[in-house]
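J.: Structure provided below as structure tokens; questions to follow.
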Amino acid sequence: MVSQETIKHVKDLIAENEIFVASKTYCPYCHAALNTLFEKLKVPRSKVLVLQLNDMKEGADIQAALYEINGQRTVPNIYINGKHIGGNDDLQELRETGELEELLEPILAN
């Protein structure tokens, strides 16, 4: 079971960053999501907090905290302006409908 302190820490990270992505270095869906953000949509890396959970001592706890917060067990686990987007499939669906660009507009305007 994940501690309330870890849950609060993860919630703070989500709130403090315009875009938050929990990822794993070996995950092809994570690579696709990050490629969409950085390469296709040209989101500056300074606007995105990417946590590579498999490279972090507390990675499993962070992933467990995200599950407690939003019910998603898998990575990538993406937030934009504090709103839970979901995973790569959700990100790509939002891109296809044009909603992703709308969500990113205030971030890219700064």
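Every residue gets a Cβ built from N, Cα and C, even glycine.
Small disclaimer: the values here were computed from a predicted structure and weren't measured.
Swiss-Prot lists Lys24, Thr25, Tyr26, Cys27, Pro28, Tyr29, Gln63, Val75, Asn88, Asp89 with the feature glutathione binding site, giving experimental evidence as the kind of evidence. What Swiss-Prot lists as ubiquitin cross-link is Lys11. Annotation source Swiss-Prot lists disulfide bond at Cys27-Cys30, citing experimental evidence. According to Swiss-Prot, the domain 'Glutaredoxin' annotation covers 7-110. Look at Swiss-Prot and you will find Cys27 tagged as S-glutathionyl cysteine, backed by experimental evidence.
Could you tell me the structural context for the features on the list?
T.: Here Asn88 (glutathione binding site) comes close to Tyr29, Cys30, Ala32, Ala33, Thr36, Pro76, Ile78: these same-chain residues lie at least six apart in sequence, with C-beta atoms under 8 angstroms from its C-beta.
In the three-state DSSP classification, Lys11 (ubiquitin cross-link) falls within a helix.
With a cut-off of 8 Å between CB atoms and residues at least 6 apart in sequence, the same chain places Val75, Pro76 near Cys27 (disulfide bond), listed in sequence order.
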J.: According to DSSP, folded down to helix, strand and coil, what is Gln63 (glutathione binding site)?
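T.: Helix, per DSSP.
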J.: What span in Å does the glutathione site cover, taken as the longest CA to CA distance among Lys24, Thr25, Tyr26, Cys27, Pro28, Tyr29, Gln63, Val75, Asn88, Asp89?
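T.: Looking at Lys24, Thr25, Tyr26, Cys27, Pro28, Tyr29, Gln63, Val75, Asn88, Asp89 as a set, their Cα atoms extend up to 18 Å apart.
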J.: Closest to Lys11 (ubiquitin cross-link): which of the binding-site residues Lys24, Tyr26, Pro28, Gln63, going by Cα position?
T.: Gln63
J.: Say we define neighbours as other CB atoms within 10 Å of the CB. Which of the recorded positions Lys11, Lys24 has the fewest?
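T.: Sparsest of the recorded positions Lys11, Lys24 by Cβ contacts within 10 Å: Lys11.
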